[in-house]
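Asks: Encoded as structure tokens, here's the structure I'll be asking about.
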Amino acid sequence: MQSLWMLVAALLFSLMAVFIKQASEFYNTGEIVFYRSLFTVICMAFLLKARHISFATPHWKEHTIRSLVGAVAFSLWFFTIARLPLATAMTLNYTAPLFVALFLAFGWFGLQKTLADKWLYLSLSLGFAGVVVLMQPSVAAGQWWLDVLCLISAVLAATALSHVRILGKLGEPGSRIIFYFSLAGIVVGALLALVSTGFHTHTLHGGLYLFGVGATATVAQMAITRAYSKGHPLLTACLQFSGVIFSTGFGVWLWGDHITVNMLLGMSMIVVAGMLATWLTARAERLNSQAVERSLLIRNE
């Protein structure tokens, strides 16, 4: 039942996207990134102190890569959320697991190459075909470049997630990873805000939307941590795709987004492919680990 915390996280991340879309009427993307990151940095600083975890780390290089890449990824995503239908922006962001599977299949970005099979390649093909189908309305409306930016965000997010795996194997606590990631978000957000329209004066509504972005993102991150630490890893990973359903509902309800048959088909293909790729990647990593263990046993005999 602990895996159900991922449903809570998916709902909260969908609400975060709603608040981002609403906050974009008052602030530029850089400001939203800045304040979202500032909120999380403060929360993580208190958490690190409460758990007596040092702020210092011996793995500066890995943290720097993960944090900067991740900050750029969610900055691009925030930019597209403000301009695309909510369901499209969320679904394209959920292609990140497909790219993680691709990285693992080829052993890119320092990841150990897994024993990929034809089913993994089939799931990747299905997912990327779904992207093409989902992008058709945007191409017709001349907004294809926003979809491309969202996909670039997903690629960067997958790269950042790959480095999270590396940091996890190095023994870095999750709270410290999030802390440095959010610090990078403050820097990237401030730079983006300054080269854009600068920092705006706060209003009651704008401030509430910013608080909503920070609060939902932070609590969602805690829910994800609980789901992965206490729940079934595979079920937890698959439940994350419920965010597509939540965001679609919010988009239709709040903005009257028109969901076409092509969009539904594309979203379904991406979600099914993402779940399949997640399962196949987990299986491939397990088989790869078993093969390494057998090899070590043979050498020791």
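Cβ atoms are placed via backbone N, Cα and C, with glycine included.
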Asks: Can you dig out which of the ranges 261-280, 281-300 TrEMBL describes as transmembrane segment?
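Replies: Feature transmembrane segment in TrEMBL: residues 261-280.
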Asks: Residue list, the transmembrane segment (144-165) vs rest of chain: Cβ under 8 Å, 6 or more residues beyond ends.
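Replies: Answer is 62, 65-66, 69-70, 72-74, 76-77, 79-80, 83-84, 88-89, 92-100, 102-103, 108-111, 131, 134-135, 138, 177, 181.
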